[in-house]
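K.L.:
Sharing the features that Swiss-Prot gives for it:
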ACT_SITE  SER44  active site
ACT_SITE  LYS94  active site
TOPO_DOM  1-16  topological domain 'Cytoplasmic'
TOPO_DOM  36-196  topological domain 'Periplasmic'
TRANSMEM  17-35  transmembrane segment
Amino acid sequence: MQNSPIPSPWQFIKENIPLLMVALVLALLLRFFVAEPRYIPSDSMLPTLEQGDRLVVEKVSYHFHPPQVGDIIVFHPPELLQVQGYDLGQAFIKRVIALPGQTVEVNNGIVYRDGQPLQEEYILEPPQYNLPAVRVPDGQVFVMGDNRNNSNDSHVWGFLPQQNIIGHALFRFFPASRWGQLGSFTFVPARTIINT
C-alpha cells in the first residue's frame, strides 16, 4: 500500500478556490442582506443591553412589515445627528416607543403613548425630563433607550426615518452568561388607581 503525500496548505487552497469563493460570496451576502453581528458600545440600553454585549441583527423582516412597538432596532443616525458630526455609517440601538400617527409624551417620569401611561418594567429608571406631546409623522418612528436618562434618542433629536433602520436586534450571543433571544416587549398601559 502506497501513502499519498500530504498536500501543502497552498496546494489545498489552489485546489479548492472555487469552493472557497462560493463560501466567501455566501458569507458576504448573509452579512449584507440577512443578518450581521453588532457590538454594544454604550450604556444607553441598560439594563436590557450592557456595554460589550454582542448581538445578531436580522435585516430581512422590515422589508415585509414595519417595525412594531417594543422592537429593539439598530439604525443609522438621522440627519440632525449627522449635522452634529455623527458618521452616516455609525449605528445606534434603541427601542421603538411609537409608530406613525401615534403621540408620545413624557411627564413626571412617565412615558405616555396616545394619552395612555406605559408600564415600562425594562427601563433602568424613570425619565427625569419632560417632553410635550408630539405626533409621529408618516414614515418615521419614535425611539428611546432603556436607560432613559443616559440615552441620545428621539426625545433629544426627534423622529427616526424608517429608511435609516438597519434591522431588528434579535439575539445576544455574548457574553455566554446573558446568551439568548431579545424579543420585543409588549407594552401594557399602566393601571389607573382610583382612590375611593
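For all residues, glycine too, the Cβ spot is worked out from N, Cα and C.
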K.L.:
I'd like the Cβ neighbour count for SER44 (active site), meaning other Cβ atoms within 10 Å of its Cβ, all protein chains included.
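P.N.:
Result for SER44 (active site): 22 neighbouring Cβ atoms inside 10 Å.
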K.L.:
Roughly how many angstrom lie between the C-alpha atoms of LYS94 (active site) and SER44 (active site)?
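P.N.:
Rounded to the nearest whole number, the Cα-Cα distance is 8 Å.
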K.L.:
Summarise the topological domain 'Cytoplasmic' (1-16) as counts of helix, strand and coil residues per DSSP.
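P.N.:
DSSP composition of the topological domain 'Cytoplasmic' (1-16): 7 helix, 0 strand, 9 coil.
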K.L.:
Is the topological domain 'Cytoplasmic' (1-16) packed against any residues at least 6 beyond its ends, judged by a Cβ distance under 8 Å, and which are they?
P.N.:
none
K.L.:
Which state, by DSSP, holds SER44 (active site): helix, strand or coil?
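P.N.:
It is coil.
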